[in-house]
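Here is what TrEMBL says about this protein:
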DOMAIN    20-342  domain 'Major facilitator superfamily (MFS) profile'
TRANSMEM  20-46  transmembrane segment
TRANSMEM  84-105  transmembrane segment
TRANSMEM  112-132  transmembrane segment
TRANSMEM  144-162  transmembrane segment
TRANSMEM  174-195  transmembrane segment
TRANSMEM  207-227  transmembrane segment
TRANSMEM  256-281  transmembrane segment
């Protein structure tokens, strides 16, 4: 251990590991924002035509009459299958680099791989409205490339947490970091809906530009303030450096809530309550689940995370295709089967 470290810049009064946790949490905020915003934006982007259907089996009894004839005017003439393909395209790329990212992070350092992935995703987001207007294929390719770029983030994050967080702080640090992912979804989805309804930057393109801009700003902060390990950090205090160096079950809550969504049927208030509860219970998962990789094999945590995350994200592109197939046939009850499977 070196003995001549002096804290410089903000690190003389803000621990470097806290800066790492904060910026990584913001990074995961953006990862989940880029991952999920299109599920809302595509409603404004695409022209959607839905024929007649009956919801009598889903809403039996009562005096409510449901008319399922509606049109949504959008800029692009994408049918349900095309939209499902676009929504799933991100995940094709996302799972492809999970394992390679873990290997690269262990060999070459995670900082630049994580940062480069975020920069590429941000630039592609800025180009999203342009490629969408070029055609279906260019926009599809953009989403696949974004998924590829974002596929490196979780394995790299895990590799860096193993180096930066003392054992007794790992679960707490991971909790804060993955809170960023949940907040990213919670904030981005309603923000996307709001921007799509406004004239700011042309409506739906605004969310592409906003997320891209925030992502580029994050990359600058990440480059300046975050380093691969305490050893390579030029501004960390000796006291914190020594502290870090010395410090080196079943889960069913969300499932119960999703089953509750099934029985809520057309009660929108109860459905929202169950979804909120599911997200809340899901938060308990991250401290234990993500700490396991680091505790079992700190030197290979990025690789292990990459393997598990690859498998775990397969439903990301399978789900939209299956849902579109059922929906196009007018099978409204498919929602029940999907939630039971989840």
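Note that the numbers count up from 1, one per residue, in the order the chain is shown.
Here the Cβ of each residue, glycine as well, is placed from N, Cα and C on the backbone.
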Practice task
Answer yes if the transmembrane segment (207-227) and the transmembrane segment (20-46) have at least three CB pairs under 8 Å among residue pairs 6 or more apart in sequence, and no otherwise.
Solution key: yes
Practice task
Might you confirm whether the transmembrane segment (20-46) is in contact with the transmembrane segment (112-132), defined here as three or more C-beta pairs under 8 A between residues 6 or more apart in sequence?
Solution key: yes
